[in-house]
Amino acid sequence: MSEKKNGQGMGPLLRGILCVAIGAAIWFIPAPDGVGPQAWGLLAVFIATIAGFILQPMPIGAIAIIACTLLPLLGIMKAGEALAGFSNTTIWLIVSAFMFAEGFIKTGLGKRISYLLLSRFGKSSLRVAYVMSAADFIIAPFTPSNTARGGGIIYPIIRSVTAAIGADAESGKNRRTGAFLMFSAYAAVITSACIFLTGASNNVLCNTLAQEIFGTSIGWGAWFAACIIPGLILSIATPYLLYKLIDPELKETPETMQLAREELSRMGAMTGKEKILCVIFASALVLWATGSIHHIDSAFVALLGLSAMLLTRILDWSDITKQHGAWDVLVWMGVLVNMAAYLSKFGLMKWFAGAMSAQFAGMPWMTMLIVLCLVYTFAHYLLASNSAHIMALFAAFATILVSAGAPVLGVLILLGALCNSASFLTHYGCGVTPIFFGAGFMGQGQWWKIGFIVTVLHIVVWMGVGLPVMKVLGML
(Lines of atoms letter the chains of each structure in order from A and count residues from 1; the text may use other names and numbers.)
(Lines give C-alpha, C1' and ligand atoms only; values in the text may rest on other atoms or scores of the structure.)
Protein backbone atom coordinates (compact mmCIF):
# COMPACT_ATOMS: atom_id res chain seq x y z
CA MET A 1 0.00 0.00 0.00
CA SER A 2 2.69 2.45 0.94
CA GLU A 3 4.57 1.70 -2.20
CA LYS A 4 1.61 2.54 -4.43
CA LYS A 5 0.99 5.72 -2.53
CA ASN A 6 4.47 6.89 -3.34
CA GLY A 7 4.59 5.85 -6.95
CA GLN A 8 6.58 2.71 -6.22
CA GLY A 9 4.32 0.70 -8.55
CA MET A 10 6.41 2.23 -11.36
CA GLY A 11 9.93 1.08 -12.05
CA PRO A 12 12.90 3.18 -10.87
CA LEU A 13 13.65 4.41 -14.40
CA LEU A 14 10.09 5.61 -14.99
CA ARG A 15 10.01 7.32 -11.60
CA GLY A 16 13.31 9.02 -12.35
CA ILE A 17 12.07 10.22 -15.74
CA LEU A 18 8.94 11.59 -14.07
CA CYS A 19 11.04 13.60 -11.59
CA VAL A 20 13.17 15.04 -14.40
CA ALA A 21 10.04 15.85 -16.41
CA ILE A 22 8.53 17.74 -13.47
CA GLY A 23 11.68 19.81 -13.05
CA ALA A 24 12.03 20.43 -16.79
CA ALA A 25 8.41 21.55 -17.09
CA ILE A 26 8.94 24.19 -14.41
CA TRP A 27 12.31 25.20 -15.88
CA PHE A 28 10.86 25.96 -19.32
CA ILE A 29 7.72 27.74 -18.08
CA PRO A 30 8.34 31.50 -18.16
CA ALA A 31 8.96 32.89 -14.68
CA PRO A 32 6.10 35.02 -13.30
CA ASP A 33 6.55 38.75 -12.92
CA GLY A 34 8.60 39.52 -9.85
CA VAL A 35 10.55 36.23 -9.93
CA GLY A 36 14.13 36.26 -11.21
CA PRO A 37 15.62 33.55 -13.47
CA GLN A 38 17.89 32.26 -10.68
CA ALA A 39 14.96 31.83 -8.31
CA TRP A 40 12.84 30.11 -10.96
CA GLY A 41 15.64 27.76 -11.99
CA LEU A 42 16.30 26.88 -8.36
CA LEU A 43 12.59 26.22 -7.85
CA ALA A 44 12.65 23.76 -10.76
CA VAL A 45 15.54 21.82 -9.22
CA PHE A 46 13.97 22.05 -5.75
CA ILE A 47 10.57 20.68 -6.87
CA ALA A 48 12.24 17.92 -8.90
CA THR A 49 14.27 17.00 -5.80
CA ILE A 50 11.14 16.87 -3.63
CA ALA A 51 9.48 14.66 -6.24
CA GLY A 52 12.55 12.43 -6.13
CA PHE A 53 12.38 12.22 -2.34
CA ILE A 54 8.73 11.12 -2.55
CA LEU A 55 8.95 8.78 -5.57
CA GLN A 56 12.46 7.54 -4.67
CA PRO A 57 13.84 6.27 -7.98
CA MET A 58 17.06 5.96 -5.96
CA PRO A 59 18.03 6.63 -2.31
CA ILE A 60 17.27 10.20 -1.26
CA GLY A 61 20.90 10.86 -0.35
CA ALA A 62 21.90 10.07 -3.94
CA ILE A 63 19.14 12.33 -5.25
CA ALA A 64 20.39 15.15 -3.02
CA ILE A 65 23.97 14.78 -4.30
CA ILE A 66 22.76 14.93 -7.91
CA ALA A 67 20.65 18.02 -7.16
CA CYS A 68 23.59 19.70 -5.43
CA THR A 69 25.80 18.97 -8.43
CA LEU A 70 23.26 20.40 -10.87
CA LEU A 71 23.07 23.77 -9.13
CA PRO A 72 26.48 25.09 -10.28
CA LEU A 73 26.31 23.19 -13.59
CA LEU A 74 23.07 25.00 -14.46
CA GLY A 75 24.50 28.34 -13.38
CA ILE A 76 22.07 28.74 -10.49
CA MET A 77 24.68 28.89 -7.72
CA LYS A 78 28.42 28.92 -7.27
CA ALA A 79 29.99 25.68 -6.02
CA GLY A 80 30.64 27.11 -2.56
CA GLU A 81 27.02 28.27 -2.28
CA ALA A 82 25.71 24.86 -3.32
CA LEU A 83 27.73 23.19 -0.54
CA ALA A 84 26.98 25.76 2.18
CA GLY A 85 24.21 23.67 3.75
CA PHE A 86 26.66 21.16 5.18
CA SER A 87 27.85 23.74 7.72
CA ASN A 88 24.38 24.17 9.21
CA THR A 89 24.67 23.64 12.98
CA THR A 90 21.13 22.33 13.37
CA ILE A 91 21.84 19.48 10.99
CA TRP A 92 24.90 18.57 13.04
CA LEU A 93 22.63 18.48 16.09
CA ILE A 94 20.66 15.71 14.42
CA VAL A 95 23.81 13.82 13.38
CA SER A 96 25.12 13.94 16.96
CA ALA A 97 21.77 12.86 18.38
CA PHE A 98 21.84 9.78 16.13
CA MET A 99 25.11 8.87 17.84
CA PHE A 100 23.49 9.32 21.25
CA ALA A 101 20.87 6.80 20.16
CA GLU A 102 23.62 4.32 19.31
CA GLY A 103 25.03 4.82 22.82
CA PHE A 104 21.67 3.88 24.35
CA ILE A 105 21.41 0.79 22.19
CA LYS A 106 25.04 -0.36 22.46
CA THR A 107 25.25 -0.04 26.27
CA GLY A 108 21.76 -1.48 26.78
CA LEU A 109 20.75 1.53 28.87
CA GLY A 110 17.58 2.07 26.85
CA LYS A 111 16.41 -1.48 27.49
CA ARG A 112 17.42 -1.33 31.15
CA ILE A 113 15.31 1.79 31.71
CA SER A 114 12.31 0.13 30.04
CA TYR A 115 12.65 -3.16 31.93
CA LEU A 116 13.13 -1.35 35.25
CA LEU A 117 9.85 0.46 34.74
CA LEU A 118 8.07 -2.71 33.61
CA SER A 119 9.36 -4.71 36.59
CA ARG A 120 7.73 -2.25 38.99
CA PHE A 121 4.64 -1.00 37.20
CA GLY A 122 3.76 -3.58 34.54
CA LYS A 123 1.10 -5.63 36.34
CA SER A 124 -1.76 -4.68 33.97
CA SER A 125 -2.00 -4.14 30.23
CA LEU A 126 -2.94 -0.48 30.70
CA ARG A 127 0.01 0.07 33.03
CA VAL A 128 2.33 -1.57 30.51
CA ALA A 129 1.15 0.96 27.94
CA TYR A 130 1.90 3.84 30.30
CA VAL A 131 5.28 2.36 31.20
CA MET A 132 6.30 2.17 27.54
CA SER A 133 5.18 5.77 27.15
CA ALA A 134 7.34 6.80 30.12
CA ALA A 135 10.31 4.81 28.83
CA ASP A 136 10.13 6.39 25.40
CA PHE A 137 9.74 9.84 26.98
CA ILE A 138 13.05 9.33 28.79
CA ILE A 139 14.90 8.08 25.71
CA ALA A 140 13.36 10.38 23.07
CA PRO A 141 15.47 13.55 23.59
CA PHE A 142 18.54 11.68 22.35
CA THR A 143 17.03 9.54 19.61
CA PRO A 144 15.81 11.75 16.75
CA SER A 145 14.96 8.73 14.64
CA ASN A 146 11.56 7.16 15.28
CA THR A 147 12.81 4.11 13.43
CA ALA A 148 15.90 3.73 15.64
CA ARG A 149 14.03 4.39 18.88
CA GLY A 150 10.87 2.50 18.05
CA GLY A 151 12.42 -0.30 16.04
CA GLY A 152 15.65 -0.70 18.01
CA ILE A 153 14.45 -0.28 21.60
CA ILE A 154 10.68 -0.09 22.10
CA TYR A 155 9.47 -2.71 19.60
CA PRO A 156 11.72 -5.59 20.75
CA ILE A 157 10.60 -5.01 24.34
CA ILE A 158 6.87 -4.85 23.62
CA ARG A 159 7.21 -7.87 21.30
CA SER A 160 8.72 -9.82 24.20
CA VAL A 161 5.87 -8.68 26.44
CA THR A 162 3.19 -9.86 24.01
CA ALA A 163 4.91 -13.24 23.75
CA ALA A 164 5.16 -13.53 27.55
CA ILE A 165 1.43 -12.97 28.04
CA GLY A 166 0.50 -15.43 25.30
CA ALA A 167 -0.70 -12.97 22.67
CA ASP A 168 -0.32 -14.56 19.23
CA ALA A 169 -1.29 -12.87 15.98
CA GLU A 170 -1.43 -16.08 13.91
CA SER A 171 -3.64 -18.13 16.23
CA GLY A 172 -5.65 -15.12 17.34
CA LYS A 173 -5.09 -15.88 21.03
CA ASN A 174 -5.27 -12.66 23.08
CA ARG A 175 -5.12 -10.81 19.78
CA ARG A 176 -6.80 -7.66 21.10
CA THR A 177 -4.31 -7.48 23.96
CA GLY A 178 -1.44 -7.71 21.51
CA ALA A 179 -3.06 -5.07 19.31
CA PHE A 180 -3.53 -2.73 22.27
CA LEU A 181 0.04 -3.09 23.50
CA MET A 182 1.55 -2.80 20.04
CA PHE A 183 -0.40 0.31 19.03
CA SER A 184 0.14 1.89 22.45
CA ALA A 185 3.90 1.41 22.14
CA TYR A 186 3.78 2.94 18.67
CA ALA A 187 1.73 5.85 20.03
CA ALA A 188 4.36 6.40 22.73
CA VAL A 189 7.06 6.79 20.08
CA ILE A 190 5.02 9.27 18.04
CA THR A 191 3.86 11.34 21.03
CA SER A 192 7.40 11.67 22.39
CA ALA A 193 8.50 12.80 18.94
CA CYS A 194 6.09 15.73 19.29
CA ILE A 195 7.35 16.80 22.72
CA PHE A 196 11.08 17.19 22.04
CA LEU A 197 12.78 19.20 19.31
CA THR A 198 15.29 16.36 19.08
CA GLY A 199 12.60 13.67 19.33
CA ALA A 200 12.37 13.43 15.53
CA SER A 201 14.61 14.65 12.73
CA ASN A 202 11.64 16.22 10.96
CA ASN A 203 11.19 18.61 13.92
CA VAL A 204 14.70 19.91 13.39
CA LEU A 205 14.06 20.11 9.66
CA CYS A 206 11.06 22.39 10.37
CA ASN A 207 13.19 24.52 12.65
CA THR A 208 15.97 24.83 10.11
CA LEU A 209 13.58 25.72 7.29
CA ALA A 210 11.95 28.38 9.48
CA GLN A 211 15.38 29.87 10.18
CA GLU A 212 16.31 29.95 6.52
CA ILE A 213 12.94 31.24 5.25
CA PHE A 214 11.85 33.59 8.04
CA GLY A 215 15.09 34.21 9.94
CA THR A 216 13.51 32.79 13.10
CA SER A 217 14.08 29.49 14.90
CA ILE A 218 13.29 28.00 18.29
CA GLY A 219 15.56 26.61 21.00
CA TRP A 220 15.32 23.16 22.55
CA GLY A 221 13.92 24.49 25.83
CA ALA A 222 11.32 26.72 24.18
CA TRP A 223 10.01 23.84 22.03
CA PHE A 224 9.79 21.66 25.14
CA ALA A 225 7.96 24.39 27.08
CA ALA A 226 5.39 24.76 24.31
CA CYS A 227 4.83 21.03 23.81
CA ILE A 228 5.15 19.44 27.25
CA ILE A 229 1.60 20.18 28.46
CA PRO A 230 -0.28 19.00 25.35
CA GLY A 231 2.26 16.19 25.02
CA LEU A 232 1.66 14.91 28.55
CA ILE A 233 -2.10 15.12 28.05
CA LEU A 234 -1.74 13.00 24.93
CA SER A 235 0.61 10.58 26.72
CA ILE A 236 -2.10 10.03 29.33
CA ALA A 237 -5.18 10.17 27.10
CA THR A 238 -3.99 8.09 24.14
CA PRO A 239 -3.38 4.76 25.97
CA TYR A 240 -6.70 5.11 27.79
CA LEU A 241 -8.53 5.85 24.53
CA LEU A 242 -6.89 2.83 22.90
CA TYR A 243 -7.80 0.71 25.93
CA LYS A 244 -11.47 1.61 25.43
CA LEU A 245 -11.40 1.27 21.65
CA ILE A 246 -9.57 -2.06 21.44
CA ASP A 247 -10.73 -3.60 24.76
CA PRO A 248 -7.86 -6.07 25.42
CA GLU A 249 -8.87 -9.51 26.69
CA LEU A 250 -6.18 -9.47 29.39
CA LYS A 251 -6.56 -6.70 31.94
CA GLU A 252 -3.98 -8.08 34.40
CA THR A 253 -0.53 -9.04 33.08
CA PRO A 254 1.70 -10.22 35.96
CA GLU A 255 3.80 -12.12 33.41
CA THR A 256 5.17 -8.79 32.23
CA MET A 257 6.72 -7.99 35.59
CA GLN A 258 8.27 -11.45 35.75
CA LEU A 259 9.67 -11.13 32.22
CA ALA A 260 11.20 -7.75 33.07
CA ARG A 261 12.83 -9.12 36.23
CA GLU A 262 14.28 -12.04 34.28
CA GLU A 263 15.67 -9.71 31.61
CA LEU A 264 17.21 -7.43 34.25
CA SER A 265 18.76 -10.45 35.94
CA ARG A 266 20.18 -11.56 32.61
CA MET A 267 21.61 -8.07 32.00
CA GLY A 268 23.33 -8.07 35.40
CA ALA A 269 24.42 -5.05 37.38
CA MET A 270 24.56 -1.64 35.75
CA THR A 271 27.88 -1.30 33.93
CA GLY A 272 30.31 1.56 34.28
CA LYS A 273 29.58 2.70 30.74
CA GLU A 274 25.86 2.84 31.47
CA LYS A 275 26.53 5.01 34.52
CA ILE A 276 28.77 7.33 32.52
CA LEU A 277 26.12 7.57 29.80
CA CYS A 278 23.56 8.54 32.46
CA VAL A 279 25.81 11.42 33.53
CA ILE A 280 26.35 12.53 29.93
CA PHE A 281 22.62 12.21 29.25
CA ALA A 282 21.66 14.32 32.29
CA SER A 283 24.32 16.94 31.59
CA ALA A 284 23.21 17.40 27.99
CA LEU A 285 19.57 17.71 29.06
CA VAL A 286 20.46 20.43 31.57
CA LEU A 287 22.55 22.31 29.00
CA TRP A 288 19.81 22.09 26.38
CA ALA A 289 17.11 23.20 28.81
CA THR A 290 19.18 26.20 29.99
CA GLY A 291 20.34 27.34 26.56
CA SER A 292 18.75 30.77 27.00
CA ILE A 293 21.07 31.35 29.99
CA HIS A 294 24.48 30.17 28.79
CA HIS A 295 23.85 30.64 25.02
CA ILE A 296 25.78 27.51 24.03
CA ASP A 297 24.45 26.29 20.70
CA SER A 298 22.40 23.09 20.99
CA ALA A 299 24.50 21.44 18.30
CA PHE A 300 27.68 22.01 20.30
CA VAL A 301 26.02 20.59 23.40
CA ALA A 302 25.29 17.44 21.39
CA LEU A 303 28.83 17.37 20.01
CA LEU A 304 30.16 17.79 23.55
CA GLY A 305 28.15 14.75 24.62
CA LEU A 306 29.36 12.79 21.61
CA SER A 307 32.96 13.74 22.38
CA ALA A 308 32.48 12.54 25.96
CA MET A 309 31.19 9.20 24.69
CA LEU A 310 34.23 8.84 22.44
CA LEU A 311 36.66 9.77 25.22
CA THR A 312 35.05 7.29 27.64
CA ARG A 313 34.95 4.55 24.96
CA ILE A 314 31.18 4.20 25.16
CA LEU A 315 31.41 4.57 21.40
CA ASP A 316 34.42 4.10 19.17
CA TRP A 317 34.99 5.63 15.76
CA SER A 318 33.72 2.55 13.94
CA ASP A 319 30.38 3.01 15.72
CA ILE A 320 30.26 6.54 14.34
CA THR A 321 31.09 5.58 10.77
CA LYS A 322 28.48 2.79 10.82
CA GLN A 323 25.65 5.25 11.49
CA HIS A 324 24.52 5.35 7.88
CA GLY A 325 21.23 6.99 8.82
CA ALA A 326 23.03 9.95 10.40
CA TRP A 327 25.27 10.59 7.40
CA ASP A 328 22.34 10.12 5.05
CA VAL A 329 20.44 12.84 6.95
CA LEU A 330 23.48 15.12 6.81
CA VAL A 331 23.60 14.84 3.02
CA TRP A 332 19.95 15.16 2.04
CA MET A 333 18.99 17.66 4.73
CA GLY A 334 22.06 19.79 4.04
CA VAL A 335 21.20 20.03 0.35
CA LEU A 336 17.48 20.57 0.87
CA VAL A 337 17.80 23.21 3.59
CA ASN A 338 20.38 25.07 1.54
CA MET A 339 18.10 25.18 -1.49
CA ALA A 340 15.24 26.45 0.69
CA ALA A 341 17.53 29.14 2.09
CA TYR A 342 18.49 30.35 -1.37
CA LEU A 343 14.87 30.33 -2.53
CA SER A 344 14.32 32.86 0.24
CA LYS A 345 17.49 34.83 -0.60
CA PHE A 346 16.52 34.97 -4.28
CA GLY A 347 13.16 36.49 -3.29
CA LEU A 348 10.85 33.61 -4.25
CA MET A 349 9.37 33.19 -0.77
CA LYS A 350 8.64 36.92 -0.54
CA TRP A 351 6.90 36.79 -3.92
CA PHE A 352 4.94 33.68 -2.92
CA ALA A 353 3.87 35.25 0.38
CA GLY A 354 2.60 38.34 -1.42
CA ALA A 355 0.66 36.28 -3.95
CA MET A 356 -0.93 34.13 -1.25
CA SER A 357 -1.77 37.10 0.96
CA ALA A 358 -3.83 38.54 -1.87
CA GLN A 359 -5.74 35.27 -2.25
CA PHE A 360 -6.62 35.05 1.45
CA ALA A 361 -7.14 38.76 2.07
CA GLY A 362 -9.69 39.45 4.78
CA MET A 363 -9.59 36.00 6.39
CA PRO A 364 -8.43 36.02 10.05
CA TRP A 365 -5.10 34.26 10.40
CA MET A 366 -6.40 32.05 13.22
CA THR A 367 -9.15 30.72 10.94
CA MET A 368 -6.57 30.10 8.24
CA LEU A 369 -4.33 28.37 10.78
CA ILE A 370 -7.03 25.89 11.77
CA VAL A 371 -8.21 25.18 8.21
CA LEU A 372 -4.74 24.83 6.71
CA CYS A 373 -3.53 22.67 9.61
CA LEU A 374 -6.37 20.22 8.93
CA VAL A 375 -5.45 20.07 5.24
CA TYR A 376 -1.77 19.77 6.14
CA THR A 377 -2.42 16.88 8.55
CA PHE A 378 -4.68 14.76 6.37
CA ALA A 379 -2.46 15.24 3.33
CA HIS A 380 -0.29 12.65 5.07
CA TYR A 381 -2.48 9.91 3.57
CA LEU A 382 -0.48 10.55 0.38
CA LEU A 383 2.93 10.32 2.05
CA ALA A 384 4.97 7.60 3.74
CA SER A 385 7.61 9.75 5.39
CA ASN A 386 7.47 12.61 7.87
CA SER A 387 10.53 14.18 6.28
CA ALA A 388 8.86 14.03 2.86
CA HIS A 389 5.78 15.63 4.41
CA ILE A 390 7.84 18.54 5.75
CA MET A 391 9.82 18.94 2.55
CA ALA A 392 6.71 18.93 0.38
CA LEU A 393 4.37 21.08 2.47
CA PHE A 394 6.02 23.00 5.31
CA ALA A 395 7.51 25.93 3.39
CA ALA A 396 4.33 26.61 1.41
CA PHE A 397 1.90 26.30 4.34
CA ALA A 398 4.13 28.21 6.74
CA THR A 399 4.67 31.01 4.23
CA ILE A 400 0.92 31.41 3.65
CA LEU A 401 0.20 31.54 7.39
CA VAL A 402 3.05 33.89 8.28
CA SER A 403 2.15 36.22 5.42
CA ALA A 404 -1.41 36.35 6.83
CA GLY A 405 -0.09 37.48 10.21
CA ALA A 406 0.44 34.24 12.13
CA PRO A 407 3.58 34.30 14.35
CA VAL A 408 6.44 32.20 13.02
CA LEU A 409 7.12 30.26 16.24
CA GLY A 410 3.51 29.15 16.67
CA VAL A 411 3.30 28.04 13.05
CA LEU A 412 6.64 26.23 13.31
CA ILE A 413 5.67 24.24 16.41
CA LEU A 414 2.14 23.41 15.28
CA LEU A 415 3.15 22.22 11.80
CA GLY A 416 6.05 20.27 13.28
CA ALA A 417 3.89 18.54 15.90
CA LEU A 418 1.01 17.78 13.53
CA CYS A 419 3.36 16.15 11.04
CA ASN A 420 4.28 13.65 13.75
CA SER A 421 0.65 13.19 14.80
CA ALA A 422 -0.35 12.48 11.20
CA SER A 423 1.82 9.34 11.33
CA PHE A 424 -1.09 7.52 12.98
CA LEU A 425 -3.30 7.78 9.90
CA THR A 426 -1.92 4.83 7.94
CA HIS A 427 0.13 1.69 8.38
CA TYR A 428 2.88 3.40 6.35
CA GLY A 429 2.70 6.72 8.25
CA CYS A 430 6.43 7.01 8.94
CA GLY A 431 9.56 4.89 8.93
CA VAL A 432 8.78 2.95 12.10
CA THR A 433 5.07 2.33 11.44
CA PRO A 434 5.47 -0.82 9.31
CA ILE A 435 7.51 -2.41 12.11
CA PHE A 436 4.64 -2.23 14.61
CA PHE A 437 2.00 -2.97 11.97
CA GLY A 438 4.06 -5.95 10.82
CA ALA A 439 3.53 -7.66 14.18
CA GLY A 440 0.20 -8.72 12.66
CA PHE A 441 -2.14 -7.99 15.55
CA MET A 442 -4.16 -5.46 13.55
CA GLY A 443 -5.38 -5.51 9.97
CA GLN A 444 -5.07 -2.51 7.68
CA GLY A 445 -8.70 -1.49 8.10
CA GLN A 446 -8.55 -1.54 11.90
CA TRP A 447 -5.22 0.30 11.93
CA TRP A 448 -6.61 3.06 9.69
CA LYS A 449 -9.77 3.37 11.78
CA ILE A 450 -7.95 3.52 15.12
CA GLY A 451 -5.26 5.74 13.62
CA PHE A 452 -7.84 8.23 12.36
CA ILE A 453 -9.46 8.49 15.80
CA VAL A 454 -6.09 8.97 17.52
CA THR A 455 -5.09 11.60 14.96
CA VAL A 456 -8.32 13.50 15.64
CA LEU A 457 -7.53 13.35 19.38
CA HIS A 458 -4.10 14.82 18.69
CA ILE A 459 -5.54 17.60 16.53
CA VAL A 460 -8.08 18.49 19.24
CA VAL A 461 -5.38 18.62 21.94
CA TRP A 462 -2.91 20.61 19.83
CA MET A 463 -5.62 23.09 18.88
CA GLY A 464 -7.48 23.17 22.20
CA VAL A 465 -4.49 23.06 24.56
CA GLY A 466 -1.39 23.66 22.47
CA LEU A 467 -2.55 26.95 20.98
CA PRO A 468 -3.47 28.51 24.38
CA VAL A 469 -0.14 27.35 25.85
CA MET A 470 1.74 28.97 22.97
CA LYS A 471 -0.36 32.10 23.45
CA VAL A 472 0.65 32.29 27.12
CA LEU A 473 4.31 31.78 26.16
CA GLY A 474 4.10 34.61 23.63
CA MET A 475 4.52 32.35 20.61
CA LEU A 476 1.10 33.16 19.12
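Glycine residues also receive a Cβ, built from the backbone N, Cα and C atoms like all the rest.
These numbers come from a predicted model, not from an experiment.
Here's what TrEMBL has on this protein:
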type     : residues : note
TRANSMEM : 12-29    : transmembrane segment
TRANSMEM : 35-55    : transmembrane segment
TRANSMEM : 60-77    : transmembrane segment
TRANSMEM : 83-105   : transmembrane segment
TRANSMEM : 179-200  : transmembrane segment
TRANSMEM : 220-243  : transmembrane segment
TRANSMEM : 276-293  : transmembrane segment
TRANSMEM : 299-315  : transmembrane segment
TRANSMEM : 327-343  : transmembrane segment
TRANSMEM : 363-383  : transmembrane segment
TRANSMEM : 424-443  : transmembrane segment
TRANSMEM : 450-470  : transmembrane segment
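In this chain, the transmembrane segment (83-105) touches the transmembrane segment (299-315); three or more CB pairs sit within less than 8 A of each other, excluding pairs fewer than 6 residues apart. The stretches the transmembrane segment (363-383) and the transmembrane segment (83-105) do not meet in space: the count of Cβ pairs below 8 angstroms, excluding pairs fewer than 6 apart in sequence, stays at fewer than three.
It is 327-343 that, among the stretches 220-243, 276-293, 327-343, 424-443, 450-470, forms the most Cβ pairs under 8 Å with the transmembrane segment (35-55). Among residues of the same chain six or more beyond the transmembrane segment (327-343), those with a C-beta under 8 A of the stretch's C-beta atoms are 39, 42-43, 45-46, 49, 53, 59-61, 63-65, 67-68, 71, 77, 81-86, 88, 91-92, 94-95, 98, 201, 205, 208-209, 212-213, 349, 391, 395.
Of the two recorded stretches, the transmembrane segment (179-200) lies close to the transmembrane segment (424-443), with three or more CB pairs under 8 Å once pairs fewer than 6 apart in sequence are set aside. In this chain, the transmembrane segment (220-243) lies apart from the transmembrane segment (12-29): fewer than three C-beta pairs between them fall below 8 angstroms, excluding pairs fewer than 6 positions apart. A Cβ distance under 8 Å defines the sequence-distant neighbours of the transmembrane segment (450-470), meaning residues of its chain 6+ beyond its ends; these are 183, 187, 194, 226-227, 229-230, 233-234, 237-238, 241-242, 245-246, 370, 373-374, 377, 409-410, 413-414, 417-418, 421-422, 424-427, 429, 442, 476.
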